[in-house]
Amino acid sequence: MRPRTSATARSFRALSSPARLLLLNQFGISLGFYLVLPFLATYLRDDLGFATALVGVVLGLRTLSQQGLYLLGGTAADRLGPRPVIILGCAVRVVGFGMFAATTSVAGIVLGTVLTGVAGAIFSPAVVTYLTHESPGRRAEAFATYNVVANTGTLLGPVLGAVLLAVDFRLVSLIACAVFACLTVAQLLFLPHQEATAPERGVLRNWREVVGNRRFLLFTLAGSGYFGLFNQLYLALPLEAQRVTGRSGAISAVFVVSTIVGIVFGVRLTAWCRARWSAGRSMATGLLLIGAGFAPPALLSPFTTTTAHPLPLPDALVAVAPVVLGTVVFSVGIAIANPFMIDLLPVVGSEKLVGTYYGFFYLVSALVAAGISAGVGALLEFDGAAARWTPFTALLLIGLLGGALIATMQRRRLLDPTHPHPA
């Protein structure tokens, strides 16, 4: 009797050799990144004595340098081909993490942080571009597997980092540096060349095509809502879990629950949806579920008590149950929506400018997500039981509106591959 293999393993084996290499590369990227980043703020503040405000500036620079340059990274992938851009991005991150290991000066730490962000802006759109062209007809499945592999690295990175941190943060940074050095060499040796796909015309003309594509802009509006909701995995949900339990461990519990749902069910959910629904309906359903994940805390948060001291474990489990339930529903929605969202990007955009469209999509989404998070943060500041439902209800509505927009586009055939591009 042949042993059963998991859906993820079957999906991984069905990919081409270059696609499998990219997924292993992404595991290394996630592992190396999360070896360091979860512990950077504490290291800067407690070990190096940086002021908390300066720590915030440093971390903000990483986010800005990455998200603000996605369009340039995607454009480079289209014009040069994704392979050299992926290799360059991994090499830049070697230098970035190497700075954390080599220096403790403010200037050196800032430079390392910025280089770490720039590296992500370089290789992330290029990886998406390469995998999109390498997996025609199986893009949603490829990106579902990609997400599982990335989530596995995301889960293991902080665990390994916490163990190594007992020795020294610089050792952690050095190991992350070595991980990215190995990835750089692996791509140089084994990742095949992929032709550049950008038309022979100027960059600005390509960018004008993007901003003039109305159905892509509508799609980006819905996608921006997705990223704004996804960010609540690091804001609204963990803060609510800590509020009702008084336990700081509840913060990481929310993240772990979400990651495990993605790892265990990601590929299965994609296959189930692919067999029954269109990509547009799948994405719309995912967005609706993401929004629905905020319904339990929206309904029950006014009736729960804010706890300053840690509750006994049995009481904490009861108190946090609505947040955990919401996180599970939210994470199922993420696992459904994300692969089909990336699958649809070339449909509403262009097969020849995948990186450029992805870069613009991510840039706009990051800006909108920052605005949503700022608004949610302000709503979370409101005191009193009567106001606790407001941030979660707002997030619920964003999910419903995003899902309704994608469903409307699907119904009007704006997500049809044969639909002509608007002028």
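Using the three backbone atoms N, Cα and C, a Cβ is placed for every residue, glycine included.
Annotated domain 'Major facilitator superfamily (MFS) profile' per TrEMBL: 18-411, in sequence order.
Among the features that TrEMBL reports, transmembrane segment is placed at 21-44 (among others).
As annotated by TrEMBL, transmembrane segment applies to 50-73 (among others). Outside the transmembrane segment (50-73) by six or more residues, the chain places 40-41, 44, 85, 89, 106, 109-110, 113-114, 116-118, 120-126, 207, 355-356, 358-360, 362-363, 366-367 with a CB less than 8 A from a CB of the stretch.
Under 8 Å from some Cβ of the transmembrane segment (85-103) lie the Cβ atoms of residues 22, 25, 29, 32, 36, 40, 73, 76-77, 109, 111-127, 130, 169-171, 173-174, 176-177, 180-181, 183-184, 187-188, 191, all in the same chain and six or more residues away from its ends. Taken from TrEMBL, the feature transmembrane segment covers 85-103 (among others).
The transmembrane segment annotation in TrEMBL covers 109-131 (among others). Long-range contacts of the transmembrane segment (109-131) within its own chain (CB-CB distance under 8 A, at least 6 residues past either end) are made by residues 18-19, 22, 25-26, 29, 40, 44, 48, 50, 58-59, 61-70, 72-74, 76-78, 82-83, 85-86, 88-90, 92-93, 95-100, 103, 139, 142-143, 146, 194, 342, 354-355, 358-359, 362.
If you look up TrEMBL, you'll see 143-165 (among others) marked as transmembrane segment.
Annotated transmembrane segment per TrEMBL: 171-191 (among others), in sequence order. Using a Cβ-Cβ cut-off under 8 Å and counting only residues 6 or more beyond its ends in the same chain, the transmembrane segment (171-191) has close neighbours at 18, 21-22, 24-25, 28-29, 31-33, 35-36, 39, 83, 86-87, 90-91, 93-94, 97-98, 100-101, 161, 164-165.
Positions annotated as transmembrane segment by TrEMBL: 216-237 (among others).
According to TrEMBL, the transmembrane segment annotation covers 249-271 (among others).
Among the features that TrEMBL reports, transmembrane segment is placed at 283-304 (among others). Counting only same-chain residues 6+ beyond the ends of the transmembrane segment (283-304), those with a CB under 8 A from a CB of the stretch are 222, 225-226, 229-230, 232, 236-237, 240, 243-244, 273, 277, 319, 322-323, 325-338, 340-341, 344, 385-386, 388-389, 392-393, 395-400, 402-404, 406-407, 410.
Taken from TrEMBL, the feature transmembrane segment applies to 316-337 (among others).
Positions annotated as transmembrane segment by TrEMBL: 357-380 (among others). Tertiary proximity for the transmembrane segment (357-380) is limited to same-chain residues at least six positions away from its ends with a CB under 8 Å from its CB atoms, namely 67-68, 70-75, 124-125, 128-129, 207, 210-211, 216, 219-220, 223-232, 235-236, 239, 342, 345-346, 349-350, 387, 390-391, 394-395, 398.
The transmembrane segment annotation in TrEMBL covers 386-407 (among others).
Of the candidate ranges 21-44, 143-165, 216-237, 249-271, 316-337, 216-237 has the most C-beta pairs within less than 8 angstroms of the transmembrane segment (386-407).
Residues 12, 15, 50, 54-55, 58-59, 86, 90, 93, 97, 100, 109, 113, 123, 127, 130-131, 134, 145-146, 149-154, 156-158, 160-162, 164-165, 169, 172-173, 175-176, 179-180, 182-183, 186-187, 190-191 of the same chain, all 6+ positions outside the transmembrane segment (21-44), place their C-beta atoms under 8 angstroms from a C-beta of that stretch. Ranking 143-165, 216-237, 316-337 by CB pairs under 8 A with the transmembrane segment (249-271) puts 316-337 at the top. Here the transmembrane segment (216-237) has long-range neighbours at 210, 254-255, 258, 283, 287, 290-291, 294, 297, 323, 326-327, 330, 334, 337-338, 341, 344-345, 348-349, 357, 360-361, 364-369, 371-373, 376-377, 380, 391-392, 395, 398-399, 401-403, 405-406, 409, 414-415, meaning same-chain residues at least 6 beyond its ends whose C-beta is under 8 angstroms from one of its own.
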